[in-house]
Amino acid sequence: MPISLGNAFIKNFLGKAPDWYKVAIIAFLIINPIVFFLINPFVAGWLLVAEFIFTLAMALKCYPLQPGGLLAIEAIAIGMTSPAQVKHELVANIEVLLLLVFMVAGIYFMKHLLLFIFTKILLGIRSKTLLSLAFCFAAAFLSAFLDALTVIAVVISVAIGFYSIYHKVASGNPIGDHDHTQDDTITELTRDDLENYRAFLRSLLMHAGVGTALGGVTTMVGEPQNLIIADQAGWLFGEFLIRMSPVTLPVFFCGLITCALVEKLKVFGYGAKLPNNVRQILVDFDNEERKTRTNQDVAKLWVQGLIAVWLIVALALHLAAVGLIGLSVIILATAFTGVIEEHSMGKAFEEALPFTALLAVFFSIVAVIIDQELFKPVIDAVLAVEDKGTQLALFYVANGLLSMVSDNVFVGTVYINEVKTALIEGLITREQFDLLAVAINTGTNLPSVATPNGQAAFLFLLTSALAPLIRLSYGRMVIMALPYTIVLAIVGLMGIMFFLEPATASFYDAGWILPHSGDLTPVVSGGH
């Protein structure tokens, strides 16, 4: 029976999302202007942040771009922020946007090499605990020199490869043309294997995700806010590494111990092993690939290997913006592996562009946070504390809590600017400023693993094409990150409270780093 035009509009709104979800979004859109104009803009701002987090939490029901985008458009329309402020945020974060557009697409053209390497690792290491540690350590090591988003893009690319290989065989379809998002053709016997395999991949991805945070906090190139903090403090690569080490080294080792423990104890959704049937399929696939590999395929692997070397060197030496290095990877990889048709290249951009659009919406929410000064009460309260040791601990905690809610790049930037202003005005000494910069950097990087909105890499993982395939939801990510959140946050706080000041003093005595005088760079304007 045909439906009326009115019902058709309702049915089309947010498509297949549940009715209660559609009602919730419409309710948000009605409530926000009322709260903004009639009650309090500050309250309306926090309400908007909570609603946006809700859309992220429901990412498996509906991609957050549409509901989050509607909320952002309304916020701009009613004057919670301005298009100019949103543009300012996007311009300030152009490197992150370029990275998503080009680097993730560049990784797509290297997936044969990545699948080749990681298949060897996956099949070579039988112990799940050792395998988890390998993934966590590799992600941490790479994130210290590359960007965490790049590392996660690599891991996602590999995991989709592994998943689709098994799914094809389990569905009885030929390797060539197959839709790995449909489970209809899978028998009950293999369905159990599939569920176990999903749990196995989920745990590896979460270990790798936390690994990016463990490594990303240690160096000035690991996360975008690290660069901003290092720039404001006038630190170079070596000094940044040394100043962070009293906090980052204990955290790193405790993170690896946590990784091993959750696997051994099989808690928080960890501990799933690779099912034997799946292992056999991957072994058979690897053997088949080896037999059918032509010289042309070998040449492609060599080219991709050389491009991988170029990628690591270029990123470690900061030869260009990350996104531009990604563009060079696309050009080199396609030129030397013979991918020259436009439609073949288009597939590479499918994964990252929806997320790039979502991130643009995210930055418009950040613009609201800036214009409505949502974090100001917290910042003022912490700066008002007289005792230096308490101030350090509070800065770490406040940064950590706000980074769980908002983007850690934004939180780190806002805080370092406020502290820089306090230094210029003579409210704190240069020595205290350097210690606070460490507290801000570690505070934004470590506790923010608690939720996907804190870390861009986690958000990318949650909204990737892989998340629904392996049933990785917002809630599940929060639960799986919980043991890491507790350990990283507490060990980081202990480092700030007990190790940072004495260790920094001993670094000065040893001559590894020198105390800075009042030399300053100008404060970054706006939010970033």
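Every residue gets a Cβ built from N, Cα and C, even glycine.
Swiss-Prot assigns Ile125 and Ile513 to topological domains bearing different names, which places them on different sides of the membrane. DSSP states for the topological domain 'Periplasmic' (376-389), grouped as helix (H, G, I), strand (E, B) and coil, give 10 helix, 0 strand, 4 coil. Less than 8 angstroms from the CB of Asp147 (site 'Important for antiport activity') sit Leu99, Met103, Val221, Gly222, Glu223, Pro224, Leu315, Val322, each of them six or more residues away in the same chain. As a summary of secondary structure, the topological domain 'Cytoplasmic' (263-297) carries 23 helix, 0 strand, 12 coil according to DSSP. For the transmembrane segment (390-412), the partner stretch with the most Cβ pairs below 8 Å, chosen from 24-46, 240-262, 298-317, 321-340, 478-500, is 478-500. Most Cβ pairs under 8 A with the transmembrane segment (321-340) among the ranges 96-118, 130-163, 353-375 are made by 96-118.
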